[in-house]
Amino acid sequence: MDELVQKHFSAVDYVIFAVLLVASAGIGLYYAFSGGRQRTTQEFLLADRSMSCLPVSLSLLATFQSAVAILGAPSEIYANGTQYWFLGCSYFLGLLIPAHIFIPVFYRLRLTSAYQYLELRFNKTVRICGTVTFIFQMVVYMGVVLYAPALALNAVTGFDLWGAVLAMGLVCTLYTTLGGLKAVIWTDVFQTVVMFAGQLAVIVVGAHQAGGISEVWRRAQNGSRIAGLDLNPDPLERHTFWTLGVGGIFLMLALYGVNQAQVQRYLSSRTEKEAIMSCYVVFPCQQIVLTLGCLMGLVMFARYGEDIQPARTMVLYFVMDVLQDLPGLPGLFVACLFSGALSTISSAFNSLATVTMEDLIKPHFPAMTETRATLLSKGLALAYGLVCLAMAYIASLMGSVLQAALSIFGMVGGPLLGLFCLGMFFPWANSVGAVSGLLAGLVMAFWVGIGSFVSRFPTVAINTVPDCVCKRCLLRTRPTGLNALYSLSYMWYSAHNSTTVVVVGLIVSLLTGPMKEKDVTPGTVYPILGNLLFFLPERYKEKLCCPRAIDAQHYRMAQKESNGVLCLAEDNEGEDGEQKETKGETQAVQETTL
């Protein structure tokens, strides 16, 4: 089966797809005209710090589960087997570390933007560098996330390509601009339910048509698609337990630990405890999502064997093929697919508006009124929505370079993770080291990423190899030198790049004069070194600048002025240990007793 025959939507499918868009827009309109009506930046950007654990958890999940993942995971399983499932092993530490290290630090500092932390820990230059890097990362990724599912839908069903792009982009821009973070989180909840329903419908119907789940499993085993535990430590192997289970931890930390889109959700929680619980709740949900993607890939293999060349459009073709006699279900899966895109894009809009407002605009306009700041934040969300549509058009011109654009998201996340780890775990790291480390990490990331992409095009045609040489063995020869670096598994990119930032940052800091403990802003360093080096005498620990514990006074900072605008609210900790805050973003909180 070399050709994928084009399928068509029924009227019911169009209706279900339209209902998704209308419902998403309706949630945004509801929060635009209810409650505080998004009149303050606290409400618009942080949902007034009033969200409970469950919606925050589902929103965290939806942001991670983009349309690219919904299309990509089943295709990966179909082509290469279930080894990819071991990525789930990385979820545990990938969420446990953010829950107990990153969230307490960010939440207690009462931040709005994650990059405010970089100014508190280092200086304004480091904060701007981190913000600009994040904006570049998200702007490039937004267009691809919007365009890729529309392209797949157009290829399989003939659905108007730019009609789908505009519908998604405009609806997403509407509810994000009007409803703020609260609308984004609640639409994520709705879209997560749709995603689960769409995937389950396809798996149940597909498995039934294949003769049951046991038959699906038997065919997958016969086709060598059920993978065992591969403990090969070679970092050049694309997928092994170590690349997925260990390299994946760093990928998860870059996403759930320091990415503004996720940090903003933690900060919107009512209490620190609920923010931490959201990480625990999202863990089983992620396992379910990963399992659904794997099952769909196995059902696809049971149906087609090896007759179809894997492609991004393959999943949609399979869905249309399996569900063609069940009007409405193809529309449900397409709604599931576009829900993944909407949740990711809306998170990007909101987080981009936040960092632009808090990191690039407010420092230069300290006297800006709350009303004007809120209006400008909405304008920024709208502007990024239009930028997203422009990036989708650019993505359409890239052709085969789409994969390179997707890789940029992973390549930039690693250096940002390294920058935060440098500040949070190494008290002697200074601002010069931080900037040097970030630049070194970005150079390394793009060097390896672009080199990997270019090296896929062989300079010598295989057909020129003499017949006496086994061409298969030639292709499997272990690369050496720079080719080995370019052949590094993409799952190690985040670990490799973040490590580069930390190593270079520490070396430069030591050469330029390490930061003294008295100069470090209280509450910005997690005392991991102090705990690990407990056996050293105090005088050596002082030289290494290793604080051993974080106590409440570290976070009771009345105010830290930076260019006259960055103010930290003092935490109010009652007898129940929960954090309390007064209204107003920069108002100091007075300690009271419950």
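Numbers run from 1 along the shown chain.
The backbone N, Cα and C atoms fix where each Cβ goes, and this holds for glycine too.
For reference, TrEMBL has these:
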TRANSMEM  14-33  transmembrane segment
TRANSMEM  53-72  transmembrane segment
TRANSMEM  84-107  transmembrane segment
TRANSMEM  128-149  transmembrane segment
TRANSMEM  161-181  transmembrane segment
TRANSMEM  193-211  transmembrane segment
TRANSMEM  239-258  transmembrane segment
TRANSMEM  279-302  transmembrane segment
TRANSMEM  375-395  transmembrane segment
TRANSMEM  401-425  transmembrane segment
TRANSMEM  432-450  transmembrane segment
TRANSMEM  490-511  transmembrane segment
REGION    571-594  region 'Disordered'
COMPBIAS  585-594  compositional bias 'Polar residues'
Proximity verdict for the transmembrane segment (84-107) and the transmembrane segment (14-33), three or more C-beta pairs under 8 Å: no
Interface check, the transmembrane segment (161-181) with the transmembrane segment (14-33), three or more C-beta pairs under 8 A: yes
Contact ranking winner - 375-395, 432-450, 490-511 against the transmembrane segment (239-258), Cβ under 8 Å: 490-511
Cβ-Cβ under 8 Å with the transmembrane segment (375-395): same-chain residues at least 6 beyond its ends: 38, 41, 44-45, 139-140, 142-144, 146-148, 150, 165-166, 169-170, 172-173, 176-178, 180, 345, 348-350, 352-354, 356-357, 361, 368, 402, 405
Feature contact check the transmembrane segment (432-450) with the transmembrane segment (53-72), CB under 8 Å, 3 or more pairs: no
When counting Cβ pairs under 8 Å to the transmembrane segment (128-149), the leader among 14-33, 193-211, 279-302, 432-450: 432-450
